[in-house]
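Below is one structure, written out as structure tokens; the observations come after it.
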Amino acid sequence: MRLILLSSLLLLGIFLANGHEEDPDGKVLNSLIDTLMHLQKLYANLKYSFLTVHRARSFGSGSERLYVTNKEIKNFEALRQICEQAEGHIPSPQLENQNKAFANVLERHGKEAYLVVGDSANFTNWAAGEPNKAAGTCVKADTHGSWHSASCDDNLLVVCEFYFIL
């Protein structure tokens, strides 16, 4: 909304800078009002479209988090850099439905992927016999969403997590 107001002020400033100091018939002002109303409608439509997609994605996955792959296969450090550049995060499912949404991506691609498990995690989905520090200091999820210890040098499917917080 602020962007719309700033755009209107910019249009007015351009008009005044071009030497049009007067607007006796109110044509310029009316034009600015029309433009502002049009921009407000565009903003409302964009917001509605975004929220519709957000609700659909959340409904379909049961999660307010979106797990996306670029289909690359990389080690943990490369994954960290890729997710950071995309302004996302390494997956860190905090709830069962989030883990299921993450596992759906892995199952669809038939690949395993890294995830991060916090020290104070309320939800975990370790496979039997895990965690096993001898296998490595990283954690990967299999195509069923079960978690396993892994080497951080393993090349796994790149999956980043994005939050929908409104």
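Glycine residues also receive a Cβ, built from the backbone N, Cα and C atoms like all the rest.
In Swiss-Prot, the cysteine linked to C160 by a disulfide bond, out of C83, C138, is C83. The domain 'C-type lectin' (46-161): residue composition by secondary structure is 43 helix, 29 strand, 44 coil, according to DSSP. Sorted by the number of other CB atoms within 10 A, the disulfide-bonded residues C152, C160 start with C152, the lowest.
Residues within less than 8 Å, Cβ to Cβ, of C83 (disulfide bond) and separated from it by at least 6 positions along the same chain comprise H89, I90, V158, C160, E161. Mean pLDDT for the domain 'C-type lectin' (46-161) in the predicted structure: 91. Most Cβ neighbours within 10 Å among the recorded positions N122, C138: this distinction goes to C138. Taking only the Cα positions, the spacing between N122 (N-linked glycosylation site) and C152 (disulfide bond) is 24 angstrom.
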